[in-house]
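K.L.:
Straight from TrEMBL, here's the annotation block:
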type     : residues                                                             : note
ACT_SITE : H196                                                                 : active site, proton acceptor
BINDING  : G27, A28, A29, G30, G31, I32, G33, D53, N113, I136, S137, N138, M247 : NAD(+) binding site
BINDING  : R100, R106, N138, R172                                               : substrate binding site
DOMAIN   : 22-164                                                               : domain 'Lactate/malate dehydrogenase N-terminal'
DOMAIN   : 166-329                                                              : domain 'Lactate/malate dehydrogenase C-terminal'
Amino acid sequence: MEEISTLEQLNCRAKGGSPGFKVAIVGAAGGIGQPLAMLMKMNPLVSVLHLYDVVNSPGVTADISHMDTSAVVRGFLGQQQLEDALTGMEIVIIPAGVPRKPGMTREDLFNINAGIVKTLCEGIAKCCPNAIVNLISNPVNSTVPIAEEVFKKAGTYDPKRLLGVTMLDVVRANTFVAEVLGLDPREVDVPVVGGHAGVTILPLLSQVKPPCSLTPEETEYLTKRIQDGGTEVVQAKAGAGSATLSMAYAAVKFADACLRGLRGDAGVVECAFVASQVTELPFFATKVRLGRTGAEEVYQLGPLNEYERVGLEKAKKELAVSIKKGISFINK
Ligand code: NAI
């Protein structure tokens, strides 16, 4: 322990007094987990990086720890080390669980990942109840309600600190819209609201920045492509998994926004699937302002056009079922 605190002090000094934050990645040896761990090790706002998995985390940790960046990396393997991995963490990023494979039903995926998320959230409630949770494990539309119920039962639930990661939908939307408009994707900002599956992914193309006017055909093409972006990757990988590299990029983009919010930066705004009063549903993805205590402000949808209003109704119908499924998994 003493060794770590000395290293932390050194890190602190190296950054001119900025302490950095303690981040855990749970599922760190997976397809998303590994590149995510690498990118987080490169983030100057991270002082301590805990890498937890039920397999292979020692190897990933040894590998990542040789990178000459300041974050101190520690590995944790198996359920018996989960509590050590989580204790003292300020952000916990969860890409643990199975991705969809050929021959597997959605029900199979839900059942496996729901149980994993439940166990991990019980650990968070016990060991780092004030951590900001970035939940990546699918189906996000159900795993976030599962996490909420676990935290409620433990008496630690704070809606500001539970964030379902929908950043990949935004990243894809920015890329695809930029392609159509002939712009640099870094200059494009597309709000994507709703949830993180099929028709629940609702890009608000009428609110794209910089302002643009898309034809009905372009709107239809872009909406479908953004909604089916995951399937595009699953098909191209032909059975070898789902999006991992673009997801790790998106997860880091989102975690970095959370870190900047924690640091007290003003005006940090990203989309996330959070507890919400924007619609009649208890959870909904919209833009949120990230601050010292998590999602401090949940923004309204803004003006929608007719195409988006129809999309919103479809999204809400499917979301309601997924949210209910998550909640009843814990309360059955
Ligand atoms: P993967 O199978 O490559 O990696 C998952 C990792 O989780 C493995 O290393 C596995 O050992 C670990 N794991 C399993 N049970 C665990 C437990 N109880 N505790 C800790 N770790 C555990 O899968 P991949 O491709 O990394 O995907 C992970 C999850 O992320 C999937 O559920 C996938 O559907 C989801 N995903 C979410 C996206 C989003 O936009 N939110 C986008 C892409 C994937």
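Glycine is treated like the rest: Cβ placed from N, Cα and C.
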K.L.:
How many Å separate the Cα atoms of S137 (NAD(+) binding site) and R172 (substrate binding site)?
P.N.:
18
K.L.:
Over the domain 'Lactate/malate dehydrogenase N-terminal' (22-164), what is the model's mean pLDDT?
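P.N.:
Across the domain 'Lactate/malate dehydrogenase N-terminal' (22-164), the average pLDDT comes out at 95.
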K.L.:
Pop the Cα-Cα gap between H196 (active site, proton acceptor) and G27 (NAD(+) binding site) into the table, whole Å please.
P.N.:
20
K.L.:
Applying a 10 Å Cβ distance cut-off over all chains shown, what neighbour count does G31 (NAD(+) binding site) have?
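P.N.:
Counting Cβ neighbours of G31 (NAD(+) binding site) within 10 Å gives 19.
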K.L.:
Could you round the CA separation between N113 (NAD(+) binding site) and R100 (substrate binding site) to a whole angstrom and send it over?
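P.N.:
Distance between the two Cα atoms comes out at 11 Å.
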K.L.:
Can you give the largest Cα to Cα distance in Å, as a whole number, for the residues G27, A28, A29, G30, G31, I32, G33, D53, N113, I136, S137, N138, M247 that bind NAD(+) in the record?
P.N.:
18
K.L.:
To see if you understand the setup: which same-chain residues, six or more apart in sequence, place their Cβ under 8 Å from that of R172 (substrate binding site)?
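P.N.:
Once residues fewer than 6 apart are set aside, R172 (substrate binding site) is near R225, I226, G229, S246.
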K.L.:
Give the three-state DSSP assignment (helix, strand or coil) for A29 (NAD(+) binding site).
P.N.:
coil
K.L.:
Closest of the recorded positions to G33 (NAD(+) binding site), Cα to Cα, picking from R100, N138, H196?
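P.N.:
Its closest listed neighbour, by Cα, is N138.
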K.L.:
Which Cβ among the binding-site residues (N113, S137) has the fewest C-beta neighbours inside 10 Å?
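P.N.:
Taking N113, S137 as the binding-site residues, the minimal 10 Å Cβ count falls on N113.
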K.L.:
When you rank A29, G31, R100, N138, M247 by Cα distance to the residue listed as 'active site, proton acceptor', which of the binding-site residues ends up on top as the closest?
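P.N.:
Given the candidates A29, G31, R100, N138, M247, the nearest one is N138.
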